[in-house]
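S.K.: Have a look at this one.
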Amino acid sequence: MKCSTFSFWFVCKIIFFFFSFNIQTSIANPRENFLKCFSQYIPNNATNLKLVYTQNNPLYMSVLNSTIHNLRFTSDTTPKPLVIVTPSHVSHIQGTILCSKKVGLQIRTRSGGHDSEGMSYISQVPFVIVDLRNMRSIKIDVHSQTAWVEAGATLGEVYYWVNEKNENLSLAAGYCPTVCAGGHFGGGGYGPLMRNYGLAADNIIDAHLVNVHGKVLDRKSMGEDLFWALRGGGAESFGIIVAWKIRLVAVPKSTMFSVKKIMEIHELVKLVNKWQNIAYKYDKDLLLMTHFITRNITDNQGKNKTAIHTYFSSVFLGGVDSLVDLMNKSFPELGIKKTDCRQLSWIDTIIFYSGVVNYDTDNFNKEILLDRSAGQNGAFKIKLDYVKKPIPESVFVQILEKLYEEDIGAGMYALYPYGGIMDEISESAIPFPHRAGILYELWYICSWEKQEDNEKHLNWIRNIYNFMTPYVSKNPRLAYLNYRDLDIGINDPKNPNNYTQARIWGEKYFGKNFDRLVKVKTLVDPNNFFRNEQSIPPLPRHRH
């Protein structure tokens, strides 16, 4: 009996040790366990090598860094993924989700890598990157004026191929040609046609999403609540976007100007004050923007000095004569002449405002829109405010003077007017709520080259943001998801389901729409698998 008891005890110990070892091995080797699981979704091992990159792969760092557009996040101390998956088929996305869940890894989804806080490729816990660079199909139907665009397609590629099909069609989307459709449409997406047709997200009519269960859903199968949430609510909180179906829009030739003003600040603020009071009131066919940056100049005495260069730039869906007449009647202080204006095709307008050509060039080669490496950035930080009433001239003097506190050319402000159709769209039409009552967006941007200068420049932009508190939107102070800013709040890392904590930043991005997003999240991802520092949390189970 004693022998039997001992034998039973010994066998139990062996079994316990065996299972403990396997559990510990599973925990200790999440990368290997993920790869073993993922191999089931890749029947050809040769193909697998082109889809999966681990830290042992000589191409790993090249793939990781290739679409990091903010060099703040390329240091040796920046957390790196255990695995990068570059799917070429939806089944690879399904496998990544299911295997990441199985072995306890988080997912970061990267389409173009333009997340200003690096959240599409950084996590503080072990993670996998799903890099959608190979999911870039664009299928255009000119007859119905729609297009299916996969998440990894760049805006430049979409503009290019739509123009190839019909030069009188385009899309209501952004300026930067290397931004990809996945994140841009999922976060809102403003651009030169915003006052005519709304945001990129306002023009989504269907979507393909892989959900937490690995199922591929379209608008019909996902339901209207989830479809609503994806369009401007940050699709990464709900699954992985495979493709958007977007509405294409009619575009005539456009007229543009970009005039530079160099003058004393007290004179300049009078122009700015005039702009504040009229830019949002213009007919929707005119977009009049302005931005400010410091440059070195030589004065009349031949001395070098630093001056603020102010640019007033337009996009007008009409002819030169009409624009000059309108500007001379409404804003004669700018002194716009015919010689300041250029009439361009819409595709050339996009090329100009993409920043890859000079204003006076006649060489608008649209092939540049296909260059996925164009316009690589240095280190930068962006913050944004929404302005609901004109800022006093005396305050704008102080705002502009603060540009001199930053390195020459490193700091910039930009003012982007609302109005037009944005006033007509309900704040609850999609999660993006910033509509009627907004005069303009005010961007604060700083950029630099050396990692060791990070704190210096971050302090400058945070100081100007704090200074602006009394003069911008409040209760809450509004923000824009596609200019993500972790300074405004993050989820509790110890309790990522904390609704109260998430509401701090959530209402700044989404206003009253935040609670509806939480309800959708609770229904479709109740265990909060798709999460990051600013992801929508589910409600606790007892509050469902």
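Using the three backbone atoms N, Cα and C, a Cβ is placed for every residue, glycine included.
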S.K.: Of the candidates Glu264, Glu267, Glu441, Glu449, which does Swiss-Prot annotate as part of the cannabigerolate site that also includes His291, Tyr416?
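M.R.: Given His291, Tyr416 bind cannabigerolate in Swiss-Prot, the matching entry from Glu264, Glu267, Glu441, Glu449 is Glu441.
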S.K.: Can you tell me the CA-to-CA distance separating Cys180 (FAD binding site) and Tyr483 (active site, proton acceptor), as a whole number of Å?
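M.R.: Here the two Cα atoms lie 14 Å apart.
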S.K.: Going by Cα-Cα distance, pick out whichever of the glycosylation sites Asn168, Asn296, Asn304, Asn328, Asn498 is nearest to Thr109 (FAD binding site).
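M.R.: Sorting the glycosylation sites by distance from Thr109 (FAD binding site), the top entry is Asn498.
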S.K.: Could you say which of the binding-site residues Cys180, Leu481 has its Cβ with the most other Cβ atoms inside 10 Å?
M.R.: Cys180
S.K.: Sequence order is fine: just name those recorded positions in Asn65, Asn296, Asn304, Asn328, Tyr483, Asn498 with a Cα within 10 angstroms of Asp115 (FAD binding site).
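M.R.: Hits: Tyr483.
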S.K.: Tell me whether Asn168 (N-linked glycosylation site) sits in a helix, a strand or coil according to DSSP.
M.R.: coil
S.K.: Between the Cα atoms of Gly183 (FAD binding site) and Tyr483 (active site, proton acceptor), what distance do you get, rounded to the nearest Å?
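M.R.: With the alpha carbons as reference points, the distance is 11 Å.
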S.K.: Do you know offhand how many angstrom separate Asn498 (N-linked glycosylation site) and Glu236 (FAD binding site) by C-alpha?
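M.R.: A Cα-Cα distance of 18 Å.
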